[in-house]
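These come from TrEMBL:
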- B:12-29: transmembrane segment (TRANSMEM)
- B:96-118: transmembrane segment (TRANSMEM)
- B:124-334: domain 'Cytochrome c assembly protein' (DOMAIN)
- B:130-148: transmembrane segment (TRANSMEM)
- B:155-176: transmembrane segment (TRANSMEM)
- B:188-216: transmembrane segment (TRANSMEM)
- B:244-267: transmembrane segment (TRANSMEM)
- B:282-300: transmembrane segment (TRANSMEM)
- B:307-330: transmembrane segment (TRANSMEM)
Amino acid sequence: MTVVEDRPAPPAAAPRRRPNPVLALLRNSWRQLTSMRTALILLFLLAVAAIPGSVLPQRGVNPENVNKYFVDHPDLAPRLDRIGAFEVFGSVWFSAIYLLLFTSLIGCIVPRLREHVRALRAKPPAAPQRLDRLPQHAVLTGVATDAEAVAAELRRRRWRAQVRGNEVSAEKGYLKETGNLLFHTSLIAVLLGVALGSWYGWHGNKLLVAGAENAFCNTRQQYAEAKLGPRVDSAGLPPFCLTLTDFEATFLESTQPESYRATVDVEEAGRATRTASFSVNDPLRLGDANIYLLGHGYAPILRYTDRYGRTQTSNFPFLTTGDATLTSEGVAAFPDVNVDPATGKRDAGLQVAFEGLYLPTAPQQAPFTRSEFPTERNPAVVLVAYRGNLGMDAGIPGSVYQLDQRQVASGKLKQIGDRKLAVGEKWTLDDGSVLEFVGTKPYITISVRYDPGSILLLGSSATLLVGLMGALFGRRRRVWFRVTPAGPDRATAGAADPAGGSPTAGSSLVEVGGLPRTDYPGFADEFAQLVAVISGDVTPGGRAGDGGAGGRAGDGGAGGRAGDVTPGELAGGGHDAGGPAGTREGAQ
Amino acid sequence: MSALSDQLVTFAILAYLIAMISHAVEYALGNARAVARPAAPARELVGAGVGARAGGPVDAPVASADALPDAPIAKADAAPAGGDRSADRGLLAGRAAVWITALAAALHLAATVTRGIAADRMPWGNMYEFVLTVSFVGAAAWLAVLWKRPSLRRLGLFLTLVMVLLLAFAEMKLYVEVVPLTPALQSYWFIVHVSTISFSSGIFLLGVVPAVAFLMRNGYERGRRSFPYTLAKRLPAAAGLERLTFTLHAFAFPIFTFAVIAGAIWAEAAWGRPWGWDPKETWAFISWVVYAGYLHARATPSVRRNVATWIAILGFLTMLMNLFGVNFFFTGLHSYAGVS
Ligand code: HEM
């Protein structure tokens with residue numbers, strides 16, 4: 001609160017000339033914007049604006065759910081989409097709020113920074129005329145000390161002390177404002193880190209099936225989905241290739257996953273191929289990209305021998321359906337089969353596809369709709385065979401995980417039977433062609449990412465925390481000592497020694513005043529102790545005795561441990577005043 | 001071990017319940033005296049007067065009264081008991097309540113520890129365990145505060161009420177069998193993140209108690225005599241409650257900040273991004289911003305203290321939303337809830 005008081009009076013408070021109205025308006029708006037009240041309101045707006053981001057599905061988090069929302073709410077969704085409700089954190093209004101907040105923040109810290117630097121260089125101010133008007137006040141008699149000695153003792157206690165004649169001014173706790181400024185500046189650095197990451201960073205998701213024939217090399221085309229920052233050139237992605245050689249997952253009997261580990265061969269430009277393994281929580285960190293394990297599943301190997309006896313093999317991944325037992329679904333399409341060897345012509349009506357489920361642990365009895373365990377204890381595929389035109393030539397990009405249902409609906413693709421196959425089992429179709437379930441290969445889904453802002457983010461988060469502690473637990477306070485050598489000519493007649501004792505020769509009258517400049521209820525205590533040390537009642541560092549400290553009524557008084565609320569104590573934070581009350585009740 | 005833990009939770013709930021009743025008895029006896037003796041209102045007026053002086057004109061921030069001891073309550077208790085048996089009994093009940101609360105907290109701790117032993121890991125693997133831990137932190141911190149400030153004892157009624165509600169809710173709605181951690185949770189950042197989140201949440205939870213008490217007492221000191229305010233008749237002075245509220249929040253906020261940062265570091269390792277606006281992350285952000293708003297509001301002289309305190313309470317509501325609302329209503333990467 002004092003920090004606020006500390007700010008210099010607005011310079012434009014009393015303008016001499018008639019101000020230019022436009023300028024005045026601008027200046028007023030700026031002052032409004034940089035006021036604490038505005039900061040408070042903007043903080044609230046920010047909190048409120050974030051709420052839809054958790055209530056509505058977000059493209060950045062889960063694009064499938066957004067699509068589902070469009071299906072479920074066909075009227076509402078487009079309207080929400082127009083106002084950016086599915087990309088709240090990139091929307092104009094969200095950005096407007098935080099940009100205003102950060103403008104306000106900069107407008108707030110720059111003058112305070114200037115002010116604080118000045119305060120750091122300035123000497124503690126001279127003592128006020130009447131020290132007895134200060135919240136803390138004490139008069140010591142017969143103390144054998146002088147201003148220099150007092151200042152030395154204060155400096156030893158890490159006060160910044162300044163001697164002016166027979167007066168000592170001292171101040172402590174600059175850390176509060178330093179911390180506050182560090183904290184708020186770090187906030188800006190955090191934002192910069194985020195910005196840096198989104199401009200120069202990129203990421204992509206990839207499904208990687210085991211085996212050398214499925215190796216993945218880091219180019220834009222290889223990603224199913226990728227997002228490159230505006231400053232990233234897709235040709236500039238770092239070159240490297242990955243081959244999944246092994247994947248291990250263990251599960252508890254309850255089907256809860258216990259551990260995952262993927263092993264890959266890594267080829268990087270100019271380096272020998274090496275083997276590396278990574279896991280959830282333990283990404284593979286290459287120089288300029290990190291690889292994160294997101295999920296895993298199985299790719300059934302299906303071998304189809306067509307009516308002319310020619311064989312093709314499919315190794316398409318079946319995607320997990322989201323249940324814990326890894327029931328997966330997918331399709332194995334064979335568009336180039338049944339080519340008549342006599343004519344060499346492909347018959348578009350004789351394409352074949354198998355759609356259905358893969359069950360790592362199929363139940364012993366029908367229905368074969370759900371796997372019983374996530375690892376392969378009784379692997380089986382449950383497939384429906386289709387023959388006809390797969391619709392792949394029409395140029396409409398279809399999913400490789402689903403059949404084109406339009407072809408089925410129009411009758412161009414016909415269902416010709418269904419079957420459950422265990423590993424090694426063969427299924428002879430009506431035209432004599434054969435499908436064999438050979439086995440599976442594991443696949444993993446990975447996220448490949450590069451975020452150049454993360455170092456800045458980490459660093460600024462650290463300084464943010466340090467600054468925050470300083471800001472919350474620092475306490476700015478001032479004390480003044482006026483040392484009057486024994487004699488009749490008292491400098492401050494108003495603050496006569498209440499004890500009325502005549503000072504003995506060679507000793508001094510010391511008047512002390514203290515002013516906490518921030519909320520600091522423990523100040524009475526500290527002041528009393530300081531006074532006690534100066535008066536020589538206790539050895540330096542000891543506790544105050546009844547050292548003549550006359551704290552104001554209700555300030556907790558000397559000696560009494562003013563309300564040491566534990567968390568405050570732990571934190572070194574604001575103690576509670578009125579400590580004596582703490583014991584009062586217990587005394588009935 | 002797991003069964004033992006479950007039993008201990010039940011006993012802890014019972015103990016909190018008894019402590020609550022005991023606190024309530026203290027309240028009731030205290031009030032009975034106030035009704036029985038015509039002199040009491042006069043004494044209260046003194047109290048109210050002090051409060052009013054403390055608050056200054058109705059609009060001034062209560063801060064100016066920070067230095068005043070909690071006079072009304074002290075007076076009430078220090079009054080010559082002169083044969084006033086029910087007040088004595090009230091005090092006795094209050095003291096007993098504190099001891100029973102301590103016993104309940106011990107049972108609570110034992111339940112949490114045995115749960116951890118049963119699972120062979122830190123007991124923070126799911127929502128049930130999380131609520132168990134957070135509420136224990138709240139109870140332990142309460143006892144620590146009480147140790148330093150016995151005059152706050154009457155707040156125990158609210159605290160034990162919160163404990164009973166939270167634990168009973170956890171036992172009835174959130175309970176899950178002991179299981180090991182999923183791979184996503186197997187990280188030392190998990191321990192750092194969840195322990196600090198639990199700790200700060202516990203302190204925030206405790207912070208709500210003086211915050212609510214302050215709002216009631218503040219109204220009472222300003223002459224309100226309608227229902228919730230009358231409850232505050234025998235609470236400590238508003239200024240002290242407000243300060244305690246601030247102390248607790250100022251203490252918890254940096255820890256919470258650290259916890260969020262630790263969470264971001266962990267998320268970077270687990271999911272490849274430090275921050276992804278997953279619902280849980282979004283609500284942590286909201287809580288953080290609201291608490292920052294509270295600290296700002298309290299530091300702004302033109303914002304009244306009761307407004308600031310409402311912001312603190314709002315902050316806790318957002319924490320609750322994150323713990324319960326998000327786990328129940330939204331799906332996210334933090335598929336942590338363990339309730340289906
Ligand atoms: C980006 C949003 C902001 C956040 C998250 C934030 C957060 C905080 C926090 C947590 C504190 C408490 C530390 C303390 O008590 O010293 C604080 C204090 C403070 N903030 Fe901010 N702040 C933000 C923006 C601003 C802005 C825009 C201003 C200027 C108008 C501002 C001015 C202050 C001042 C003057 C204090 C010191 C209060 C005191 O004396 O205790 N802050 N801020």
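Each position is counted from 1, following the chain as shown.
The backbone N, Cα and C atoms fix where each Cβ goes, glycine too.
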Contact ranking winner - B:12-29, B:155-176, B:307-330 against the transmembrane segment (B:96-118), Cβ under 8 Å: B:12-29
Cβ pairs under 8 Å between the transmembrane segment (B:307-330) and the transmembrane segment (B:188-216), at least three: yes
Leading stretch by Cβ pairs under 8 Å, where the reference is the transmembrane segment (B:244-267) and the options are B:12-29, B:130-148, B:155-176, B:188-216, B:282-300: B:188-216
Top Cβ-contact partner of the transmembrane segment (B:155-176) among B:12-29, B:130-148, B:282-300 (pairs under 8 Å): B:12-29
Surrounding residues of the transmembrane segment (B:130-148) on its own chain - C-beta under 8 Å, 6+ positions past either end: 9, 98, 101-102, 104-105, 108-109, 111-112, 115, 123-124, 156, 159, 162-163, 166-167, 169-170, 174, 194, 198-199, 201-203, 205-206, 209, 244, 248, 323
Overall pLDDT of the domain 'Cytochrome c assembly protein' (B:124-334), taken as the mean: 87
